[in-house]
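The annotation compositional bias 'Polar residues' is assigned in TrEMBL to 406-428. TrEMBL lists 441-472 with the feature compositional bias 'Pro residues'. Annotation comment: TrEMBL describes 406-482 as region 'Disordered'. For 1-20, the entry in TrEMBL reads signal peptide. The transmembrane segment annotation in TrEMBL covers 305-329, 522-545, 579-597, 625-646, 652-671, 683-702, 708-728, 762-781, 787-808, 817-840, 871-890.
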Amino acid sequence: MATFVVLVAAILTAISTVETSGGVSSGARPARVRRQTGELRQEIPAEFTQIYQGSVFNGTEDIYRYTYMQNESSPRAIRVEVKSEGATEDYPLLFVVRQQRGILSWQVPLMIRGIYGYDKVSRTLCPMDHLQVGVKDEKETVYLEVSAASPTALNYRVNATILTDFILSTGQPRNFLVSPSQPQYYAYKMPPDLDMVVVKVSSPNSLCAVFSLQPIKCPVYDLDRNIEFVGIYQTFMKKAAITVQRSYFPNGEFYVVVVVKATDADCTGEMETIQPAYPSEEAFEMRRVKEVNVVVGPSITDSQYVTAVFVGILVFVLFYVVTFMVLFIQWIRQRNAELEGLAPRPEEQGYAGIASNAEAPINAQRTEPNYGATGWDRVKMPSVLDTAFTDGLSLNHITILGKKLSNNGSVSSQKEANISPNKPTTDPYTMGEQPAETKPGIPPTDQPNGPPIPPNPPPPRPAQPKSYPKPPMVHTLSDSSMEDDIDMLDDADEDKDIYRTKTFLYVADLARKDHRHLSQKYNLYSWNLLTISVFYALPVIQLVITYQKMLNTTGNEDICYYNFFCAQPAGDLTAFNNVYSNIGYIMLGVLILILVYRRDYTHQKKVDAGDRYAIDYGIPKHFGLFYAIGIALVMEGVMSGCYHVCPNYSNFQFDTSFMYIIGGLGMLKLYQTRHPDINANAYAAYASLAIVIFVAVIGVVFGTPYFWAIFTIVYVLAILALTAQVYYMGRWRLDMGIFHRMYLLIRTDCLQCSKPMYWDRFVLLLVGNIINWSLALFGAVAQPDDFASFMLAIFIINFLLYFVFYIVMKLRSGERILWVTVGLIIITLICWTLALSFFFKGVTTWEKTPAQSRLDNKDCVLMGFYDDHDIWHFMSAISMFCSFLVLLMLDDDLDYTPRDKIPVF
């Protein structure tokens, strides 16, 4: 009886379906099969492109049988579309497709992430590996089974079509629509003449989607929940690209799969709150439909690839060729000058002043070089207060000094000079007084009268200095200010308080320490940096290699932020061009080290020979910071290359750490030029830079308003402390007595003086404070996302400010700049302008999501191999090389100027 009731209900349901649908195809329910469980099963011969409508409920099943001929020369795929408006999440319709070697199943409504239900589903059936293994022309049968567990009948609609355009052709675009429940994929096979292609997808709307390349295998993973299981994939909004080598997939064959995400959270990083939609709400489905355009195009050929790599390195080889040619020409001219008994004039150094100073033919008869302010020999030292009055100290400073000296008693007795007739005498504070009959800055050998002769000794200082009123109980100081003689004594500090706080300072006043000790001090910059680089680089290299292996293993190209429209793979590297373009930093950094070494070697050779001009004239030569700058430039290339192996949010500091170091070392070197005695030591400098890098990391990871408030306060306080340190030439200390000293300073110097004591430093620091306070205010208000670049901008702006100040003060002091240096400055400005123009174009940004970053991706702009960021690497390397050459040659015009004639600023 129960069986009879079931049969009657099935007949009535079939009749009702025919009446409501206006009829179905002639093949509907030709037969009924009774199963042992009592369920009904009917098989329906079906035709492609014909829409079939029916209904099933618990205990019934419809089977549609499709038959077609598989063609080896023109492979085809089948696409099935089903829809049911009555099915629910509790009672869904189940669809199962059985093929010769595979099964594909899904349900309606199709639930995406357990929340969003879609009552219309469209799937492409796997073409059974025909592209990979090949088949002969034969008949193939596909079965589509429809069933449900619902107690009531569920209506459905089925349509199957053959995709005749299933194979993508090279260079021919393909347009189609996709949605979360209607993914699409097509097959592509590389032609024999191509070894690498670029697959690009684009869309006019910004719905979040996934773009995947998968091997020719079944099943094909084309749903949101499983598309990441195999192959290579990316999320994208409006565009994406993947470069594929033939070796990536067997025989160069693969599927191009595209599916839309249910929400945009994976592309925007912002969670969306959407209420679950009922399957009948067609508007909900339509708003997640995305129009997609796919095109597979050829990448560059092997010959173009090799040519681009060769040209990239050839550019920097030319720098070596030109540099060595200039050095060779300079060597020839110097050799000819030595043979003729003439030395090149200082102004003639400009033609080849890149790597060394001109040789001076006069070598003083001197056995032990002295880089202090005592010149050739020690003479009778005037009293400290004599020097104080003549050097323009305020009465307040002199009174304090007198009290200190009277309390300490006699510090040391004056030493009488051992003056020989053949040796000149000099002022202890002014090294090597220049003869009156010579022109400033030109050695006596180049005077127009007669052949080269040894320079006349400077006139001796009067035995008795001019007397001034002195406070009682004032004793004179020792003339020695060598670092190993007095630095650890109390009177050394008092002496520094005198000659470092004069109104007008000269290099002689700040070049009193032993040159050998200072050289050792500054050489620590390079040795410490080498140690830091090794310990920093090894874990970095290990980490980025791990990132690259993870990307290659998982196929998740969202891990790394490449410019996928110009990513040239090589071996395991996805974007070899971005890594390789950093070779400029390495090659030019090595060239800087070569040039600095040649200068160092030439200078030391002159010193060993007792050359007077190498010992007591010009800016004191210390090359430790230049070596450190060269090493930092090389390491910038290494670290930037490591970063571009897999650029992302987690390793951004690899690319910027040595940029901070380069900027900091550049400012220290510029300051050291005229302040050799009071520059920071290597330990303090690198500790400060480590703090900067640490703050940069914290700012990127925890860039909250609280962080910006703390950073702004610390930044301003640091600027004030540095201002005091620079203004008072290191004679300022941060201790418990600072408030009392500030009170005395304001009362004596600020309230009683109408103008600052050190005008030049005051102007520099005033402008610097205005700019840095403005940067601090901008950061606190705008709170830029890229905090690392903001910190780097602070370094660059301050370095440029100090460099411009240095140039202005140099010209204001009556000094000149060699024409080669002027040319280098112009070239540097042009190179930096071009470099920054490419930098600000931006092809990626790790501050955003991978899909948003791809919106900035651009095609290659140079030789089909290099993008805008690669050109930034090339141009910035050249710009930094030229910048360091400018620093190296900036004061070459002073090589024949006594140090007591070179002002400090």
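Even glycines carry a Cβ here, placed using N, Cα and C.
Below 8 A, the CB atoms of the transmembrane segment (579-597) and the transmembrane segment (683-702) form no more than two pairs separated by six or more positions in the chain, fewer than 3 in all.
Packing against the transmembrane segment (871-890) from elsewhere in the chain are residues 312, 315-316, 319, 353-354, 581-582, 584-585, 588, 591-592, 595-596, 599, 626, 629-630, 633, 637, 640, 662, 666, 669-670, 673, 806, 810, 817-818, 820-821, 824-825, 827-828, 831-832, 834-835, 838-839, 861-862: each is 6 or more residues past its ends and has a CB under 8 Å from a CB in it. Remote same-chain partners of the transmembrane segment (787-808), defined as residues 6 or more beyond its termini with a Cβ less than 8 Å from a stretch Cβ, comprise 652-653, 656, 659-660, 663-664, 666-667, 670-671, 673, 692, 695-696, 699-700, 703, 764, 767-768, 771-772, 775, 779, 817, 890, 905. For the transmembrane segment (522-545), the list of distant contacts is 622-625, 627-628, 631-632, 635, 638-639, 642-643, 645-646, 651, 654, 657, 661, 665, 672, 679, 681-683, 685-686: same-chain residues at least six beyond its ends, Cβ to Cβ under 8 Å. Away from its own ends, the transmembrane segment (762-781) comes close to residues 708-709, 711-712, 715-716, 719-720, 723, 726-727, 756, 790, 793-794, 797-798, 801-802, 805, 905 of its chain (Cβ-Cβ under 8 Å, at least six residues beyond either end).
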